[in-house]
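K.L.:
Below is a structure I'd like to ask you about.
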Amino acid sequence: MKINFSPPDITELEINEVVEALKSGWITTGPRTKELERRIATYLGTPKAVCLNSATAALEMILRVLGVGPGDEVITSAYSYTASASPVVHVGAKLVLIDTAPNSYEMDYDQVAAAITDKTKAIIPVDIGGVPCDYDRLFSIVNDAKHLFKPSNDIQRALGRIPIVADCAHSFGATYKNLHTGNVADFSSFSFHAVKNFTTAEGGAATWKHIEGIDDEAIYKEFQLLSLHGQDKDALAKTKIGAWEYDIKGTYYKCNMTDIMAAIGLAQLERYPKLLKRRQEIIKRYDEALKDCPVSIVEHYTDEHMSSGHLYLVRLNDATMEQRNELIERMAEKDVATNVHYKPIPMHTAYKNLGFSIDDYPNAYNQFKNEITLPLHTNLTDEEVDYVIHTFKECLGVL
Ligand SMILES: *Cc1c(COP(=O)(O)O)cnc(C)c1O
């Protein structure tokens, strides 16, 4: 048996939709992208959705829609992938990284509150592994800090407090207090990259909750301008006979989704409830098998939240980094691919060069040093899951 870590789950349905798109005469942003946006908004319960070429682009465009830039500060977690943090640098704002709480994958919320200044213009919590963050806590933190907030555009004025901008790259389909993520934070970004739960090969989406006094259609138009050269007509609108004329409203960016990508997404969305259910079955199988092992696991399903079941994160109690790394190698020798989520952001060269040091993030480091992520994807059979469990226990020395 050979167990891959996270291969895409592609069926005839996706293949047929892509072939249809290719044969349709329209392959870039067009009817399929617009249809996927409508269906995602309906699924999540948001006013609209904007499909783009990645979650990274979605997060960056959200910060730009919010008017975040030089002179501003943005808070996010030290325990994530670089793409939670790099968009803050892209827009020219100051990146503020927060340590995790002890034995948690989430930011230490007391440290978040303490890091707020009169320059803070967004907080980016990360739904690690598909488990929603404590959004009630985050909203209470930004409500308590209202007096510090100095709005500098219409959306900021309408909110009257620091916006919560969730990195939901892992949590498409998850719920927090019965609301889908995407409809919980003020703005949210999703990833449809090949290794994520729901894929368009590359791709992502931005969503937001309605803001009193702000037109959702105006926000949508702003995303369109920002993601397509600042051009006031998209390529499809320009193909209407006689409609060649257009204007460039700003020297903006290029990160739109193509209809070929959207075709994959339309098929994935149809299958998604079943895919989420299968992930839940696999997680329950792992949970049951590992409950007596010397490991700490994440609770994906509680009264408060239903995770999207993106990652099966395991921490080896009392293990050193060397022991964790050896376990990864031993499992690889038995053809089980595992992974580590995440090497904290301050440990990477780019962030060291920005002045960050892992010494300031002891909890994130402890979280990382004994973490191993087991394979969790919807191509796995029960027999394969059992093989992963057997291999893991064997390599851990608890059989
Ligand atoms: C994958 C990922 C992203 C980036 O997604 P892309 O679609 O590749 O840009 C952002 N944040 C987290 C936590 C991720 O895992």
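Just so you know, glycine gets a Cβ as well, placed from its N, Cα and C.
Quick caveat, the model's predicted, so the values are computed rather than measured.
Okay, these came from TrEMBL:
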MOD_RES   K196  N6-(pyridoxal phosphate)lysine
ACT_SITE  K196  active site, proton acceptor
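Looking at the shown structure, what environment does each listed feature sit in?
P.N.:
Contacts of K196 (N6-(pyridoxal phosphate)lysine) defined by a Cβ separation under 8 A and a same-chain sequence distance of 6+ are given as A169, H170, F172, H310, in order along the sequence.
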K.L.:
Which state, by DSSP, holds K196 (N6-(pyridoxal phosphate)lysine): helix, strand or coil?
P.N.:
coil
